[in-house]
Amino acid sequence: MKTFVLALCLVLIGMVYAKDGYLVSKHTGCKLGCSPKIGDRYCHIECTSMNHKGDEGYCYWLACYCKGMPENAEVYPLPNKSCGK
């Protein structure tokens, strides 16, 4: 039982300190695009860069999706900034 409670606590701590979402351009407010064939490598590099500090990234629905970013990371949609408007 103690092992279960400890595992549950570790999972909850991981959920609190990790953020998932689409990378966003601060200039346009749009998602950072990618292509399905080569996008996974590109997105992984972008997501794990020093700018975003994510754990992993991949191309999903023609946009870069990141997992494990810090809570203060900006992801799509940005407040007060709509894409293309």
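Glycine is no exception: its Cβ is also placed from the backbone N, Cα and C atoms.
Features as listed in Swiss-Prot:
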- 1-18: signal peptide (SIGNAL)
- 19-84: domain 'LCN-type CS-alpha/beta' (DOMAIN)
- C30-C83: disulfide bond (DISULFID)
- C34-C59: disulfide bond (DISULFID)
- C43-C64: disulfide bond (DISULFID)
- C47-C66: disulfide bond (DISULFID)
- C83: cysteine amide (MOD_RES)
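Cα proximity to C34 (disulfide bond) (within 10 Å) is found for the following disulfide-bonded residues from C47, C64, C66, C83: C64. For C34 (disulfide bond), the number of other Cβ atoms no farther than 10 Å from its own Cβ, over all displayed protein chains, is 23.
Taking C30, C47, C83 as the disulfide-bonded residues under consideration, the smallest Cα distance to C64 (disulfide bond) is found for C47.
Among the disulfide-bonded residues C30, C43, C59, C83, the ones whose Cα is located within 10 Å of the Cα of C66 (disulfide bond) are C43, C59. Look at C83 (disulfide bond): DSSP puts it in coil. For the pair formed by C59 (disulfide bond) and C43 (disulfide bond), distance between Cα atoms is given as 6 Å, rounded to the nearest Å. Counting in whole angstrom, C83 (disulfide bond) lies 20 from C47 (disulfide bond) by their C-alpha atoms.
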